[in-house]
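J.: Sharing the feature lines straight out of Swiss-Prot:
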{"type": "ACT_SITE", "residues": "D37", "note": "active site, proton acceptor"}
{"type": "ACT_SITE", "residues": "H65", "note": "active site, proton donor"}
{"type": "BINDING", "residues": "36-42, 64-66, R327, 353-355, 436-438", "note": "GTP binding site"}
{"type": "BINDING", "residues": "D37, G64", "note": "Mg(2+) binding site"}
{"type": "BINDING", "residues": "D37, E38, G39, K40, N62, A63, G64, H65, T154, R168, N246, T261, R325", "note": "IMP binding site"}
{"type": "BINDING", "residues": "V321, T322, T323, K324, R325, K326, R327", "note": "substrate binding site"}
Amino acid sequence: MSTTIAVNGNHYQQLHQGRTSMYKSKVDVVLGAQWGDEGKGKVVDMLASEVDIVCRCQGGNNAGHTVVANGTEFDFHLLPSGVVNEKCISVIGNGVVIHLPSLFDEVLKNEAKGLQHLENRLIISDRAHLVFDFHQHVDGMQEAEKGGKSLGTTKKGIGPAYSSKATRNGIRVGELLGDFNLFSEKFKSIVNTHLRLFPSIKVDVDAELARYKDYVDKVRPYVKDTICFLHTALRNGKTILVEGANAAMLDIDFGTYPYVTSSNCSIGGVLTGLGLPPQTIGEVIGVVKAYTTRVGDGPFPTEQLNEIGDLLQTRGFEVGVTTKRKRRCGWLDIPLLKYTSLVNGYTCICITKLDILDTLPEIKVGVSYKRSSGDKLDHFPGTISELSDIEVEYAVLPGWQTSTEHIRNFKELPENAQNYVRFLESQLSVPVRWVGVGKGRESIINVH
């Protein structure tokens with residue numbers, strides 16, 4: 001019996017070694033650890049200067065990333081933030097849903113700010129699904145029908161496009177570049193499906209088909225089989241960075257459902273959205289804002305509907321890049337971060353916008369949840385009703401009341417600011433590798 005166990009053990013070890021040795025490099029991932037707007041784009045921009053390829057794996061132009069490079073502020077919605085690095089290839093993966101008019105509008109706006117030669121360094125998956133204008137109309141109608149129970153959607157058509165994908169009548173980029181007659185038939189079919197469900201929407205089919213025929217030659221230079229491209233890159237030792245859109249608490253499975261987006265914006269979405277196996281994943285970087293914000297509706301346990309919330313909103317310029325709506329603000333939430341770390345397996349943390357807390361005499365941190373009955377929770381609530389019934393217990397930490405904006409060395413931060421970082425680190429049992437104290441990439445401090 002002992003011989004059998006040893007043989008099986010060797011087989012297992014050989015299998016494991018065989019699978020991992022196929023690739024000469026790993027894929028590092030940057031994920032939002034809260035409800036979005038954590039500053040992922042800035043972290044990606046910082047790391048993109050050291051990698052060969054940057055990828056988007058899910059979501060659409062409902063995401064918003066702001067990057068400041070060489071004094072110029074770029075706003076990205078579909079383009080990966082890594083496009084500011086001219087030596088880097090940017091990939092829009094199969095899990096992304098693409099509204100072509102918005103994509104090319106975004107390209108033009110950023111070219112006007114100095115972003116050049118994208119045709120040489122942007123690749124779009126032929127398997128990515130298309131978002132059409134009628135998807136956006138339906139999105140707005142569905143939100144309006146909910147009345148006071150709206151989900152806070154961006155009305156960019158993301159949910160309806162993923163619905164089309166799930167019901168197997170969506171249209172992919174590769175189909176646009178194939179036989180246009182077949183594309184036209186599929187387009188008419190999907191329009192008719194939506195008209196049966198939403199008779200009031202207006203779609204000029206001929207005009208839309210003419211518009212998309214114009215897009216064929218425009219988009220063709222960018223389109224490739226990204227799955228093959230990425231696996232070849234890994235076998236050749238190329239370094240790859242993935243920029244997650246949205247954030248863990250907006251994940252369709254793990255977020256505060258139904259106040260979520262329509263894709264998997266946790267680590268699982270990276271694998272399915274790019275066609276990567278689990279053993280290719282290296283570092284998983286959780287980006288954590290030094291306080292908590294949320295755009296739109298839904299539960300928010302540590303929200304501060306008072307002067308603290310107003311101060312955070314004002315000092316942090318908390319306005320959505322995509323929606324232009326004011327973000328709701330509150331204290332840092334440790335139970336929430338423990339939960340998203342559980343799901344994503346963060347190997348390190350980047351804390352952003354620490355400088356926004358500079359003026360506060362004391363800072364609260366939510367450290368545990370308890371029910372109204374007084375019982376402490378040992379898990380993150382899975383339903384809205386349960387989450388609405390909890391009370392947050394806070395730790396109170398002393399503030400530092402001095403500017404950190406121009407500090408570039410962790411040991412030069414005020415002692416209480418360092419203690420705030422170390423407190424988060426100890427609570428999550430995940431090392432904090434970077435701390436951000438400003439807008440540009442130069443404001444990110446290396447902790448270790």
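Each Cβ is built from the backbone N, Cα and C atoms, and glycine gets one as well.
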J.: For a quick check of packing: other C-beta atoms within 10 Å of the C-beta of L354 (GTP binding site), how many?
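T.: Around L354 (GTP binding site), other Cβ atoms within 10 Å: 24.
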J.: Restricting the comparison to the binding-site residues G36, K42, K326, R327, which residue's C-alpha is spatially nearest the C-alpha of N62 (IMP binding site)?
T.: G36
J.: Run through the Cβ atoms and count how many others sit within 10 Å of the one on K324 (substrate binding site).
T.: 9
J.: Among the binding-site residues G64, K324, R325, report those whose Cα falls within 10 Å of that of G36 (GTP binding site); none is a fine answer.
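T.: Qualifying among G64, K324, R325: G64.
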J.: Looking only at C-alpha atoms, tell me how far V437 (GTP binding site) is from R327 (substrate binding site), rounded to the nearest Å.
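T.: With distance taken Cα to Cα, R327 (substrate binding site) is 19 Å from V437 (GTP binding site).
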J.: Using Cα-Cα distances with a 10 Å cut-off, which of the binding-site residues N246, K324, R325, K326, R327, L354 are near the residue listed as 'active site, proton acceptor'?
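T.: Matched binding-site residues: N246, R327, sequence order.
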J.: Nearest to G39 (GTP binding site) by Cα, among G64, K324, K326 (binding-site residues)?
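T.: Answer for the nearest of the binding-site residues: G64.
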J.: Determine, from DSSP, whether the residue listed as 'active site, proton donor' sits in helix, strand or coil.
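T.: Once the DSSP labels are grouped into three classes, the residue listed as 'active site, proton donor' ends up as strand.
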J.: Taking DSSP three-state, what's R327 (substrate binding site) in: helix, strand or coil?
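T.: Reduced to three states, the DSSP call for R327 (substrate binding site) is coil.
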J.: Suppose we draw a 10 Å sphere around the Cβ of K326 (substrate binding site). How many other Cβ atoms does it contain, all chains included?
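T.: Excluding its own Cβ, the number within 10 Å is 14.
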